[in-house]
Amino acid sequence: MKKIAVLTSGGDSPGMNAAVRAVVRKAIYNNIEVYGVYQGYQGLLNDDIKKLELGSVGDTIQRGGTFLYSARCPEFKEADVRKKGIENLRKRGIEGLVVIGGDGSYRGAQRISEECSEIQTIGVPGTIDNDINGTDFTIGFDTALNTIIESVDKIRDTASSHARTFIIEVMGRDCGDLALWAGMSVGAETIIIPEVKTEIKEVAERIDHGIRRGKKHSIVMVAEGVMSGESCAQELAKYINVDARVSVLGHIQRGGSPTGADRVLASRLGGYAVELLMNGETARGVGIKNNDLTSTSFDDIFIAEAHKFDHNIYNLTKELSI
Ligand code: ADP
């Protein structure tokens, strides 16, 4: 392995820069040249590829977003279009590609390794949603979680002052982990997530119960994958007469300087991706399980059911917010 490339793709997440930095430094340490592909698969098609040096990733570990930029590139799903991207790697003699992104990005990487036996591919899980199989945590999840906590702590101050119910809509696509972990961290009365069917009538009863036992405010955490905060408020109004306000945290959840946990995770996973390439591995996604580095074939990542959901955490949040 003499030359590899790295790209970030799909939705960006805090810690992607730290992962790119780890890939670049680990590779150069092992006498491997590294190329950065700008704008994800779009850059691969446009031949927007530049050699990266040790200094190229200096002063990036603390930055949110991705200095390689990310993009969605729907054309990359077409085999004829992909040929061009693969050719842009081959003409430089690039033998390994590290793709940092979500499972859509992994699918692109899988296709490349299927269609070109000379290029090995490794996926690194970069998304705030924590929705990728084969890892307990994705890069960016912890930072987004902390951003939500910080925001809700502020909302809670005003909620208490006015004895209000706040409905907080958080990201996560079809995965409830952000809502679940944030809900536990802020002491939400109710957490509404895709993995557990929740009756709004029951949510209304919990809020009512809280008010009657003297609670000053209620926080309802709703994952975007179930419904919007606004719909939740409308449904609640059918059962209970409370002063409910909706807060949609939106894209602030994707930004910010990565937390220590995300920087360490990104560094470990980025370094491990290079190790796997050096060992001749391909079509695998790296991850962390029980704090150990691990890797899983893309095939297994795709066929597994949704990212493992922790029912114990969910049940405990219910017990702690009565
Ligand atoms: P994420 O990686 O965050 O899940 P997307 O699902 O948008 O984000 O995927 C990112 C990019 O990966 C897409 O814009 C496309 O270029 C590529 N991609 C997604 N699915 C496929 C596929 N089935 N085949 C080839 N490339 C794909």
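Backbone N, Cα and C define each Cβ position, glycine as well.
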- Task: For the ATP site that TrEMBL lists with R72, C73, G102, D103, G104, S105, give the additional residue from the candidates G11, G15, G36.
- Result: G11
- Since TrEMBL lists R21, A22, V23, V24, R25, G187, A188, E189, R213, K215, K216, H217 for ADP, which candidate among R63, R156, R254 does it give for that site as well? R156
- From candidates E195, E224, E275, TrEMBL puts in the same substrate site as T127, I128, D129, R164, M171, G172, R173, R245, H251, I252, Q253, R254 the residue E224
- Packing count at G187 (ADP binding site) (other Cβ atoms within 10 Å of its Cβ): 12
- Message: A 10 Å Cβ contact count, applied to the binding-site residues H217, R245: which residue has the minimum?
- Response: R245
- Could you check which of the binding-site residues (G11, R25, R72, D103, G104) sits closest to R254 (substrate binding site), going Cα to Cα? G11
- Task: Go through the binding-site residues R72, C73, G102, S105, H217 and pull out the ones with a Cβ less than 6 angstroms from some atom of ligand 1.
- Result: R72, C73, G102, S105
- Task: For H217 (ADP binding site) and R72 (ATP binding site), determine the Cα separation and express it in whole Å.
- Result: 41
- I252 (substrate binding site) versus C73 (ATP binding site) - Cα distance in angstrom: 23
